[in-house]
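As recorded in TrEMBL:
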- Glu185: active site (ACT_SITE)
- His184, His188, His194: Zn(2+) binding site (BINDING)
- 95-286: domain 'Peptidase M12A' (DOMAIN)
Amino acid sequence: MSRWFGGEAGRKVAASCRKACESVFGKPVLARPIDYKIVDRTEYAVNRRILSKVFESDLVLTKPQMDEVIETFQARINDLTQLYLGQKRRHRRNAAIKGENFRWPNATVPFEFKDNNTEWQGVIRKGMYKWQKETCIRFVRRTTEPDYAIFFKGGGCYSNVGRTGGRQYVSIGWGCEGGGIVAHEIGHALGFWHEQSRPDRDNYININEENISRGTKGNFEKRNDIMDSDIPYDFGSVMHYGPQAFTNNWKFVTIETKDHRFQHTIGQRADISFIDVKHANRLYCSHICKTKLMCENGGYEDPKNCMHCKCPPGLGGLRCERIADSTRRKIQLDAVANSLLPTCGRLLRIRSLAPVTGVYIYSTVNFQAPSGRIHVEVIETNFVCDSSCADEYLEIKHTRNMEQTGFRQCCNPAPGRILSEGNQVIISSISQRVPSNFTLRFIIDSESIPTPPPAAWEGHGGLTGLLAANEAGIDNTFETLILKDFPRAIGRGRGGNNIASLFGILDSFFKHG
């Protein structure tokens, strides 16, 4: 590329392109500083001293895995080069080891403890239990098995990805004792990459590159992971980065959800999510249930009881077709709970209180309209504000996808109304303080549910990660913008702000091509 765009000529072309882009899309908007308490409970906060020695903050890769990561990164560069030269791109190889060679045979993980501290061992067993109670996976003390995991007190929290063969280490050092962090590292050992590494992540999050510490952008690369493509992206996954991962300024986030209402959902380390469990069961337990059930709302055959569906939180019944009875003490409601909203346009106000100090109170309330969609407005909440709502929060599921973690609120309510995609909304609340309450307002549409419109063009959000955060060819974002939308958009005033990464790509080609 330098033969055509090198030196002063290249800089002039870049400047001209920047000016032209700004005339069409507007100037890039920098992310605003956050105004809430920052509490990072992820492994990144513990591992800051060893970040230069691990990959993606807590991964120890084998040589084949490292080679795959390097090859995938090089493939991205080659794809961009070929795209600019008008050449056909080659098929990109996977960036993770796939197949039986990374799975633990018979869904059984032999393990050893390298430390005799019973309290420390108990913490790890609790992390194992989170996976074991929901799946067919078993953790057993090693006898003579050649492949096994050793848990030890290292200088942080880290693990290999999947079964690597022979002896492999999982470090649960000082500061890693939280049950969610332990479950996170065990998730890696089972074969899971970080959630935000999924190829489809750009449909859900933006990577705020200007806030990433120098030399650490490689920790945000995408890869064709080992998960099932038909399982939706999960903001509430225990495998998801926190919002300030690798930040160069703790007042700014590096990961921002495209729907900002999910911002406080990412990075939780309280428990594994429904989709985390579904991934594990799909990976290790799909052979158990021979008869397929007609499960609804994202449910699936429970490998521990093949005659029942394993349902998303808040749903129950044989097929996940109805609201589940709360397994814990119900919160107090001033209005309607678990019932049909009978009147179109009716205004309802709900208030909950946690009556017992120090005891987690969990409740699920299902609101269902006869045919119309439901408007929900959060008037007030009184939870402990946190970067990632985990211990106390209000969760709202308003989409048709009931298996995906809803958006959680524990700080100031997000402005505006929430419009359900279907005719029901599931509200969940968890708290352990007095008082801890929330107030909601519901209005039912008088019209029936219309056909959803096509997804809007993503050109806003105040971030600079449109292209550099995208794999060329994954969702045709690069080709659509450069080859189609950009030439046609000139003079049409199409809105949008996420173009800074385009300038970065151009500058890189002009300077180093």
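A Cβ is built for glycine as well, from the same backbone N, Cα and C atoms used for every other residue.
Keep in mind that TrEMBL annotations are predicted by a computer and have not been checked by a curator.
Counting other C-beta atoms within 10 Å of each candidate's C-beta, the binding-site residues His184, His194 are led by His184.
Comparing the recorded positions Glu185, His188 by how many other C-beta atoms lie within 10 angstroms of each C-beta, the top residue is Glu185. Within 8 A of the CB centroid of the Zn(2+) site residues His184, His188, His194, the other residues of that chain are Glu43, Glu56, Asp58, Leu59, Ser159, Glu185, Gly187, Phe192, Trp193, Val238, Met239. In this structure the alpha carbons, written CA, of Glu185 (active site) and His194 (Zn(2+) binding site) are 10 Å apart.
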